[in-house]
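Below is one structure, written out as structure tokens; comments come after it.
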């Protein structure tokens, strides 16, 4: 039975002769096609398959495919149809991949929106950068406020100092009672001022936080100033709830001499972005010097 026009268009004549198709088939010589036809005609002749009801139709198709491939003009037309068929299949496959990816991306965005998370790593990175910028801006404002407060506090301390050394009667001792030294394993970037404030404010109002910047990546430290002594004591008593932070009080002393106050005023009145660590370091040195004077006295 002869094949219909649609069936004829769907036939790959190279495959009928058991030859490679596509670009490889188009490169075959007439001699190679004839050799393949002779081999297949011997194997698929109806006399060799008396019990196969499709043997005659199969042999007729073999013969018609061979005749088409032997005709140079018909073969070029057939090769062009094959190329068009392959290109259409490739476009359909690519379109299918794009559709599946679009659906997958849409589902991912919907899940991320429902979970309150960014849809992809790029959006996550942008959100983290915005958060870091907000943290830096907040810490800068806190630092500027601390600088102003330190300058005005140093002037007040100098004005109310006693005759022996110029230290305040009770301001230094009270301030030191509210100061906590905090340290942790890891770089200074492991904790921001905002994060420390969040952790310590459960014990009371946090007045100020200064994070020391270090070159070492193995240790970070900061000074946390609570609003009251009671809040500082409560934080020390419950330090285990702040693990892995190490929390320690600043030792009480008999007050700081005028020289220390002047040094502090000089440094705080001239600090800038790069002097941030000098402020915190000077606080540590002041406290250590005061403790030494107390022990020697």
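Placed from the backbone N, Cα and C atoms, the Cβ positions cover glycine too.
Automated prediction, rather than curation, is the source of TrEMBL annotations.
From a predicted model like this one, the values you see are computed outputs, not experimental measurements.
The following features are taken from TrEMBL:
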type	residues	note
COMPBIAS	102-112	compositional bias 'Basic and acidic residues'
COMPBIAS	123-132	compositional bias 'Basic and acidic residues'
COMPBIAS	259-272	compositional bias 'Polar residues'
DOMAIN	12-82	domain 'J'
REGION	37-59	region 'Disordered'
REGION	90-132	region 'Disordered'
REGION	152-172	region 'Disordered'
REGION	254-275	region 'Disordered'
Structural state census, the compositional bias 'Basic and acidic residues' (123-132) (DSSP three-state): 10 helix, 0 strand, 0 coil
Predicted model, mean pLDDT over the domain 'J' (12-82): 95
